[in-house]
């Protein structure tokens, strides 16, 4: 298609970065200067000096990886309007929505995501929406059946009046918004649609309160739509996309591999039903905010000269319910802007598990070389290596044939035909829990197993085959989702990420191994290391956070004395780094408070979630326990009216013990220092103003835990956490005294 049109579908733009590079180099040389000073004075100082030196070596290494990522940022500008002449020739797209727990992921959230997908600006007969319900919930199935009925009204309404936000829960929040004339017809239709949506919400809410399995409401629909909820048999471009419900088979003695397993079942079921050459996957809470999202993706997938240069297209995760000033540091705005665009300039963005358009042939395992020459692999389906396909993809004849069409197709996209109702039996076979045995699923084909972050591992496998990914960040944002509420949910998500990333680092899929043996670029290997080392960063972060307290208790120092000119090095380093990170927030229109909150949350996450993620992987490597996939709670309430919504909340989780211990140790250390109970200094120096300031700064970083010591309800630390932390703090205090010989 790109060759048929003289108009470009996208433009790749290198962003100017000279000033940021200068800042980064200055920080790097300040780190080197500090390390040189530490090393040259090791013999004249104690254990605290050595620990500081080792931690700062780690920080310098991480900063080197950071410079590598941010060095040459790139962005893509897409031109979806240039596809208007080829609208009828656009390729089919299979859209996947995954949900696993109707309690943690309320169906009303999932249904809004489904509705937004069904209403995208794209030929309806070329779209199929597959909803994977890993919780096998009759409630979710019932919600989808009712949603499909409402969609027959909602989709035409959105397209007729060119509605921008096509998730009804978000659209109906305010006054009617119309893209054209605010006509009487529109007002009438708007009121009718709002009433219909409120009726849908009421049905779903009533079903959630009903303890019965909903047989009375579902009997008729279930008999007709046991798998296929809606099918566009007429092939109407302005009709309804196909809707398919999937709840895969699970058995106790058969591993189901969590989300990765669900994604592979979706891939196979869609392969025998619709077999679209492109697939979109979204989490249940990520609704379409830009109705032209599929066209933006096609600009990159169809507009590139070589298919290997756009193996998949990632859209950033952005959020509709983000709190002002990001108090929990989970909106990831700065990460997506500076780190995201930086990685795009190397080998393309990492696969983030949602908001991603995939080439089906890439998911099937083709490498960069094979993807450009698949037309030469076989001239027709009779010459296909059928035994090899069965060994790789499984024993289903129907799926093998569909695979062959994807891998060896040399025709256009209009040769794809589907018969959903007639494919149910084949779909059930490929969804069987034993289907993947003795195949390459989960190892070389599909989503890769072995990590709680199956998305990053799968993307790493794609990059390791020499392929490049693309990144699109249109305005308005393509997708919007909900942020994890409060402290526990946010830290649980961070723990899962740290655990999964470390699992990859210590597996056969490690980026180091793929850089040496595969086709992963060296700089991309460093980029993967930067994110996979999140967990291990917790150890030097924890040690460095505890150093000021150790020095105050033992009357030792880890900073140069106030009369030593070398004190300027760490002081300048702190100031320059703070100004550098602050500038990243200011350039994006964010506040100084947002910067402070995010800097604080990095400290908190490192000694809580990332630390426990590291411990989980260590126990797994030692064979003492296995890691667990923890689902992040989704909040269906939208914006909260709670005046304390930005306050940190706590529960009985052990995640909060390390940070609480750090706060208590620093409080003990400051009391000892100001009361004069510290031991006399030995040697050249003892603790001074620098250590006192650093200790106070540490308490400020962990202020939510300091407040939690005196808070009540969910805003207060549980008594069990306080007792455990106090015992650990007293133990560390005694250890400090013992180590200093007191």
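Each residue, glycine too, has its Cβ placed from N, Cα and C.
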* Could you check which of 21-40, 81-100 is flagged in TrEMBL as transmembrane segment? => 21-40
* **Feature transmembrane segment in TrEMBL, mapped to one of the ranges 487-506, 567-586, 587-606** => 567-586
* To do: Measuring C-alpha to C-alpha, could you say which of the recorded positions 105, 259, 283, 455 are within 10 Å of residue 134 (active site)?
  => 259
* Asked: Reported as an integer number of Å, what is the Cα distance between residue 283 (Mn(2+) binding site) and residue 105 (UDP-alpha-D-glucose binding site)?
  -> 10
* Asked: Do any residues of this chain, six or more beyond the ends of the transmembrane segment (607-625), have a C-beta under 8 angstroms from a C-beta of it, and if so which?
  -> 491-499, 501-503, 506, 534-539, 541-542, 545, 654-656, 658-659, 662
* To do: Could you pull out which residues elsewhere in the chain have a CB under 8 Å from any CB of the transmembrane segment (688-710), counting only those six or more residues past its ends?
  => 487, 545, 547-549, 551-552, 557-562, 567, 599-600, 603-604, 647-648, 650, 656, 659-660, 662-663, 666-667, 669-670, 673, 716-717, 722
* **Best-contacting stretch, by C-beta pairs under 8 Å, relative to the transmembrane segment (526-547) and drawn from 21-40, 567-586, 655-676, 722-738** => 655-676
* recorded positions: 134, 283 - member with fewest neighbouring CB atoms within 10 Å -> 134
* Measuring CB to CB from residue 455 (active site), give everything in the same chain under 8 Å that is also at least six residues away in sequence. => 351, 352, 353, 354, 447
